[in-house]
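Engineer: I'd like to ask you about the structure that follows.
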Amino acid sequence: MESLGVAAKWRRPGVRCGAGTGREDGRSGVRRRGVGRHAARFSAPAALKEGQITPTELCQRCLALVRSTQFLNAYITVAEETALKQAEESEKRYQRGQPLGELDGIPIAVKDNFNTAGIETTCASNMLKGYISPYNATVVQKLLDQGAVLLGKTNLDEFAMGSGSTDGVFGPVRNPWSYSRQYKEKSIPRSDSEPENSNWVIAGGSSGGSAAAVSAFTCFAALGSDTGGSTRNPAAHCGVVGLKPTYGLISRHGLIPLVNSMDVPGILTRCVDDAAVVLGSLAGHDPKDSTTVQDIFQPFALPTLTDVSKLSIGIPKEYHVPGLSSEILAVWSKAADLFKNAGAKVVEVSLPHTHYSIVCYHVLCTAEVASNMARFDGLEYGHRSDMSKSTESMYAATRREGFSDVVRGRILSGNYFLLKQNYEDYFVKAQKVRRLIANDFVKVFGSGIDILLTPITLSDAIPYVEFIKEDNRTRSTQDDILTQAANMAGLPAVNVPTALSERGLPIGLQFIGRSFQEKQLLTVAKWFEKQVQFPMIQLEEVKKHDDGVLQHQKSASFS
């Protein structure tokens, strides 16, 4: 793995994707770059192999950053003891000259809706507080088998139902860019009547903890989940790469389900090359998940694309939706011009059923949520109410106490759509519309289009105090509108950080590819990443904020 890098000065992190030595070749990928100055960096795997740093030292430095950025509330559980033990084992392998792979000794984090043996899995819900899984999710086990070091479990919206990472029981995640020099220099001075730190912005959701953890340099890669955009949305807001692979390419076994037919484990990294490496470690058939592809997956190294003249880039006109900010529109337009000026064919295309996709998505989403949440009944695992009048009363009280209003609301909506008298009018119709939406993509890609280029978010990240003025359902409807169609069609999509807004916050764009064509998708994304040269976040004054946001944070270890 050439590009999993780390800033040389840990107290002043300044590298978005440690891309090696600054060479412009197929090995280093992205040249040195900085904001106002070049930042020293090195390839972590290469440094580990050459003995420049040990896995234990790397782990300790990441844990130190986890502690110094606690105010972000990115982690629910920090598995410090476990991580150090794993790092020590990795160190022994390096001493023997027998590392397990490119991820050996590399610190990673995992969203807290993936099962982890011996480490609490909460889904940021009272329903699962104290639940410790007896097994690892397949993707977690694959990372551990590669020697990766698991730092901990990251924060999210409860059961991944949200678009801001603000609705979990452990409190909201703060976007690291809220504390960047870029944002602070352009922020409007706070009035005396406003509380201190009131202008921090959301991290996006529902994988906001994972995105913030990568953005703040506390880990080199993180797992999220993506049902309607939950990896790409926070990646766009936090200025990192967020990949949603093709449905069925990566196992869902051990991912606590939200919507079985759309859930996909997502990958968050600081550059496209890193996403490709992690994908290579995770993809492939899993006997425990019948929806995974049967074909053998061959990991790939991304080539350095120099000629885009044979590419055909589609610009879906339906993605110019009401509410899209002028800034996002301008960045989208400039990106299209960048491809056109480089010789690519840029074509306006139509996905006519996009207008119906968000309504269709929410009908199908809530219907599957109602089904999946039925397992949390207080009988087998998780929270159980003290109500002992009857089994039915205990069951009802358990769900009332364990689920938030957001989760209960989605369960009620889903059960309404699944009622016998409503089933044909809502659920069956939504399934038919989903097929039309998927066929739109098939027709566009069949016309010769290679990649679709679209926005991901309607605007840059907004302040938390503004975000919570609207309810979860309204926010999710707005924030999922540009991302959920790729989930309904099962297509791969990736966020690439593109520019900074006028407020000094990240803006990302989405590339959507053909099914199981991740190599082509990521190769184009890598070319684009190199062209735009997205600036590094400048977190020059990382300090502990004593505001109590981490009162629930725990330490953990494998049993």
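Just so it is clear, glycine is given a Cβ too, placed from its N, Cα and C backbone atoms.
This is the feature table in TrEMBL:
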- Lys111: active site, charge relay system (ACT_SITE)
- Ser206: active site, charge relay system (ACT_SITE)
- Ser230: active site, acyl-ester intermediate (ACT_SITE)
- 68-181: domain 'Amidase' (DOMAIN)
- 196-522: domain 'Amidase' (DOMAIN)
Engineer: Calculate the distance in Å between the alpha carbons (Cα) of Lys111 (active site, charge relay system) and Ser206 (active site, charge relay system), and round it to a whole number.
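Structural biologist: Rounded to a whole number, the Cα-Cα distance is 9 Å.
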Engineer: Measure from the CA atom of Ser230 (active site, acyl-ester intermediate) to the CA atom of Ser206 (active site, charge relay system) and give the result in Å, rounded to a whole number.
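Structural biologist: If we compare the Cα positions of Ser206 (active site, charge relay system) and Ser230 (active site, acyl-ester intermediate), the gap is 5 Å.
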Engineer: Name the residues of the same chain, 6+ apart in sequence, whose Cβ is under 8 Å from the Cβ of the residue listed as 'active site, acyl-ester intermediate'?
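Structural biologist: The residue listed as 'active site, acyl-ester intermediate' has long-range Cβ partners Ala160, Ser163, Gly205, Ser206, Ser207, Gly224, Gly266.
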Engineer: What is the average pLDDT across the domain 'Amidase' (196-522)?
Structural biologist: 96
Engineer: Quick check on the active-site residues: of Lys111, Ser206, whose CB has the lowest count of neighbouring CB atoms inside 10 Å?
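Structural biologist: Result for the active-site residues Lys111, Ser206: minimum number of other Cβ atoms within 10 Å at Lys111.
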Engineer: Count up the helix, strand and coil residues in the domain 'Amidase' (68-181) according to DSSP, in that order.
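Structural biologist: For that range the per-state counts are 39 helix, 23 strand, 52 coil.
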